[in-house]
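According to TrEMBL:
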- Cys77: active site, proton donor/acceptor (ACT_SITE)
- Cys188: active site, proton donor/acceptor (ACT_SITE)
- Asp14, Ser15, Tyr46, Gly47, Asn78, Thr79, Thr189, His190: substrate binding site (BINDING)
Amino acid sequence: MKGENSKRPIGVFDSGVGGLTVVREIKKTLPEEDIVYLGDTARVPYGTKSEKTIKKFAVEDVMFLLKYRVKLIVIACNTVSSVALNFLKETFPEIPIFGVVDPGVKEALRVTKSGNIGVIGTIATIKSGAHEKALLNAKEDLKVYTKPCPLFVPLAEEGITQGKIANDVISLYLHDLKGKIDALILGCTHYPLLKKAIKGFMGSDVTLVDPAVEIAKTVRSFLEKNNLLNNTGGELSIHLTDVPPHYKELIERFLGQKVNRIFQVELTGCEGGIKL
Ligand code: DGL
């Protein structure tokens, strides 16, 4: 792929709207890229589902994006990245596919001084052991602490990202890790919204690693190396498999900007726009 293909959009998908935190970072780093986003909001969450189901949904998500002639695909979802990245690469060898696990791992390895690293994510992400394996493959004498934090997802969606309730839940999940690590991978699309409160609890000597920031750098360097940078785009189209009434606010919170239009889609075909 070269030259004329640079104008093609970047495809990004997630189980829901959490992946818009990844879109937000890609837009910051690559403001002139067109982005087609798919959030499978009808079937979210993926993080509590089985490997078989996550893989099946992920294949459907990729097939949807391929219809838009995307030049590459970013799996914004940490759960899919942890459970199904290699499977998706094997299933769709014709398209470059990037997950969020490796960029987060690489950054954690760069920032840790003690070699004690924490990883938090959904139940499926932590159960997959993907981060742990990647970290220990890179350096076998690391100490890796993992913890599933499923309640962080509804907290972020409800906008409860600071205050007593948020702090209590953070303490419940993270007290085991406190004082033991100096880098913490936020292995879920929703967790960046809780950054401030997590940092407040863990202390200033713990570096929070946000895979959304790291994947944006990975994508930029891939596009640069392959002469695929677009300098004339910047459009974002958001496609969701379900659009409940309160979603406009949620989308804007995750994306960090206003949206006027989204598309409600079936994974077998686009069904037109919905005016918000
Ligand atoms: N997007 C998912 C992730 O990053 C969180 C929500 C879900 O469980 O589907 O793992």
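Any Cβ shown, glycine's included, is placed from N, Cα and C.
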(message) For a quick check of understanding: given the listed substrate-binding residues Asp14, Ser15, Tyr46, Gly47, Asn78, Thr79, Thr189, His190, what is the maximum Cα-Cα distance in angstrom, as an integer?
(response) 13
(request) For Thr79 (substrate binding site), just count the other CB atoms lying within 10 A of its CB, please. (result) 33
(request) Can you see whether DSSP assigns Asp14 (substrate binding site) to helix, strand or coil? (result) strand
(request) Express the distance between the Cα positions of Asn78 (substrate binding site) and Cys188 (active site, proton donor/acceptor) as a whole number of Å. (result) 5
(request) Enter the number of other CB atoms within 10 angstroms of the CB of Thr189 (substrate binding site). (result) 30
(message) Can you tell me the CA-to-CA distance separating Tyr46 (substrate binding site) and Cys188 (active site, proton donor/acceptor), as a whole number of Å?
(response) 11
(request) Which residue among the binding-site residues Ser15, Asn78 has the fewest other Cβ atoms within 10 Å of its Cβ, if you could check? (result) Ser15
(request) Please name the residue among the active-site residues Cys77, Cys188 whose C-beta has the most neighbouring C-beta atoms within 10 angstroms. (result) Cys77
